[in-house]
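Per Swiss-Prot, these features apply:
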ACT_SITE  178  active site, thioimidate intermediate
BINDING   207-230  NADP(+) binding site
């Protein structure tokens, strides 16, 4: 493991500006390549039931954004792949690691329903079960880009890459509705950005930073530390289009947002590592995506470059928990 004293998180880091070389931030290119595809932003909405559904997946794919469909309506996944392909769109799904999921992988392979992306999505991804699932997918569908996670250590990244994963997802419980750290004592909460840095250093393939993103500036910080893509939950929750239920409180509209390991998700109170919260209604998802793009373009201009690669080279300072100076976000 790296020097455990050098841990930091998003609010502890400030990036240092370089001389600007573009006339307008609109010249900055925020696109990113993942596998054989190029996407508009290095951002993917979390594959959670209160964040993404079929409609949002279609909208994102049509507009040139990356998406990962959640795995919580397992029986609809084959039809989802078919529907996306019929429209000439990429299919990007999630799977678990149990026997029924292996049967599903064999089934879509036999039916030639080959998704472009499969994300193996479990809470503790440094596991033999994940390695076996990677190997199964790669044996049956070698052309499919496999994302595996979630992990929090360089050792885990190396092992999953060696098993055949094309990218790893880094983050154990730093998310807003994840309580893994409280329930188990384990996780990357409080040092998620350092975990991204260490894991990216060990990686030879893309790393997706997953969890703990509270502001658009955190996306730039993730890229600085080596992430290719950033998975975002709470910032994408509670939009007009979001699947979460709308609730009215004191004349204000809110939407539900819950974790993938919450009892609301599982439908039972067993091994619960997530909770449910209400977030203020945020308007249109397209507006948020546009604002994210503009903020990232500004980040690139501050980095002194023309595209995302500029962010990987900037200097930064560690300002222990003080960038807010007591202000709320």
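Cβ coordinates are placed from backbone N, Cα and C, and glycine is handled just like the others.
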Proximal but sequence-remote residues of the same chain as residue 213 (NADP(+) binding site) (Cβ under 8 Å, at least 6 apart): 10, 219, 222, 230, 231, 232, 233, 234, 235
Helix, strand or coil by DSSP: which one applies to residue 216 (NADP(+) binding site)? coil
CB neighbours within 10 A of residue 216 (NADP(+) binding site), counting all protein chains shown, number 19
Since the record lists 222, 228 as binding-site residues, which of them has the fewest other Cβ atoms within 10 Å of its Cβ? 228
Residues near residue 207 (NADP(+) binding site) in space but at least six apart in sequence (CB under 8 A): 157, 167, 168, 169, 170, 196, 199, 200, 226, 227, 228
Name the secondary structure element type, per DSSP in three states, that contains residue 210 (NADP(+) binding site). strand
Students should find that the Cβ of residue 219 (NADP(+) binding site) has, within 10 Å, a number of other Cβ atoms equal to 27
Comparing local Cβ density (other Cβ atoms within 10 Å) for the binding-site residues 210, 225 points to 210
